[in-house]
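Annotated features, as they stand in TrEMBL:
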- 2-143: domain 'ABC transporter' (DOMAIN)
- 176-231: domain 'ABC transporter family G' (DOMAIN)
- 299-418: domain 'ABC-2 type transporter transmembrane' (DOMAIN)
- 314-335: transmembrane segment (TRANSMEM)
- 347-366: transmembrane segment (TRANSMEM)
- 387-407: transmembrane segment (TRANSMEM)
Amino acid sequence: MSGSITYNGHHLNEFVPQRTSAYVSQQDWHASEMTVRETLEFAGRCQGVGIKYDMLVELLRREKNAGIKPDEDLDVFMKALALEGRQTSLVAEYVMKILGLDICADTIVGDEMVKGISGGQKKRLTTGELLVGSARVLFMDEISTGLDSATTYQIIKYLRDSTHALDGTTIISLLQPAPETYELFDDVILISEGQIVYQGPREYAADFFAAMGFRCPERKNVADFLQEVLSKKDQQQYWCQYDYPYQFVSVTKFAEAFKTFVIGKRLHEDLDRPYNRKHNHPAALSTSNYGVKRLEILKSNFQWQRLLMKRNSFIYVFKFIQLLLVALITMTVFFRTTMHHDSVDDGIIYLGALYFAIVMILFNGFTEVSMLVAKLPVLYKHRDLHFYPPWAFTLPSWLLSIPTSLIESGMWTLVTYY
C-alpha cells in the first residue's frame, strides 16, 4: 500500500489522532468494582468534557433568550447537576439517559465472579465511555452485539443527532441492522473481499445494484439485500433481467462497475480535489495528548485507585488477619527461650527469623498480583485511548500501597520482635 492519510487537510503528525478520534471496541473491559455512574464520570474527568458541556450550557442560554420554558423537573435536575461544580456529572447523566443506563446507574459493573449489569448494558457503557469525551470521529466495531433492535435503534439515533449537531463523523459496522436502524445512516460503505463495492448515499445503494441487474424485493430489508447480493449462494434470487441468462457477478466486477457509476465518479472527483485546510474548524482537531492537565489526571487516578481499594477492602483485611495468625505461630517457636548471641550459629537463628519475616510479607503481597492482572486490559484500553499516561496509573497505586505495607511490617514486628 502507498500514499498518505490526511484528515481535514492535515497529516496525522500535525495533530493527535487518538484524541481526535475514538475506537469503540467489541470487548467490554471495565473495572468490575465501579458503578456505571462512576465509570462514566471517571472517563469524563480523564478526557475533559470538551464540546458537549459547552453545548448543554449553550442550550440553556438559548432557551432563556428565546423564552422557552423547559420541563420543570428536567430544568431543576440539570441546574442541580451544574451547581455541583463537577462539569462531567452533567454530561455523564445526559449520556446515561440517552443510552438507557439511568436504571442501573448505581449498580456495579461486575465480571465473571461478581454479579453486575447485563451484557447489553455493558455494551452500552463501552459506547458511553467515549461519548462523554470530546472525540469528533467515532469508529464503532459491531456495537449492537448482545443488544435488542430497539436499544440499537435508540443508540444509533442519538449518535446520528449528535453527529449532525456537532459536525462530527461516525463510522459504525453493524451486524444485521433492522430496517429502521439502517434508515438512520447518511452513507453506506459496502466492503467485501477487501474491496469497496459501494460507498455513497444510502438511498442510491439499491439503485446501483438495480443497474447491475439485481433488484431488492419489496418488504425486504435493504441491509440484508446488500449483504446477500454479493454471496455466490444467494445472488441469483435477486436477478431481475429475465431477458438475459443469469451469470454470477463477482465482487471485483461490482467494484469496477462502481467506478463508472455516477456516485463512484462523484466520489473519485471529491477525492482528487484536496481538502482546503483553511476550512478546518479549530475545535475539530486535538493537538494535546491528554484532555486535561497532568495534575488533574493524577488527582482523578488517585481517587480512582482509592475507590478500588475501598471496594476491595475485604481482601486487605483478610491479608492482615492471615499475616497476624502466621506471626503468632512464628512467635511461639521462640517462646520462653533465651536468645544467645555468642557465636555465628546464634547469628544464623536471627538471620533465619529475619529471612522468614521478609518471605512471609513478600508472599502476603502476592494477593494483589491477581487483582492487578485483572485490571491490565482496562489499563491498556485507557492508555490507548489517551485517557492518561501509564505513570499516572502507577504513581497513585504505589503511593497507596505504602500505608498497607507499613501496617503489615509493623504488625509482624510488634508480635515477633520480643
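Positions of Cβ are set from backbone N, Cα and C atoms, glycine also.
Automatic prediction, not curation, is the source of TrEMBL annotations.
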Please compute the mean pLDDT of the model over the domain 'ABC transporter' (2-143).
79
Just give the helix, strand and coil counts over the domain 'ABC-2 type transporter transmembrane' (299-418), going by DSSP.
101 helix, 0 strand, 19 coil
When DSSP states are grouped into helix, strand and coil, how many residues of the domain 'ABC transporter family G' (176-231) land in each?
21 helix, 14 strand, 21 coil
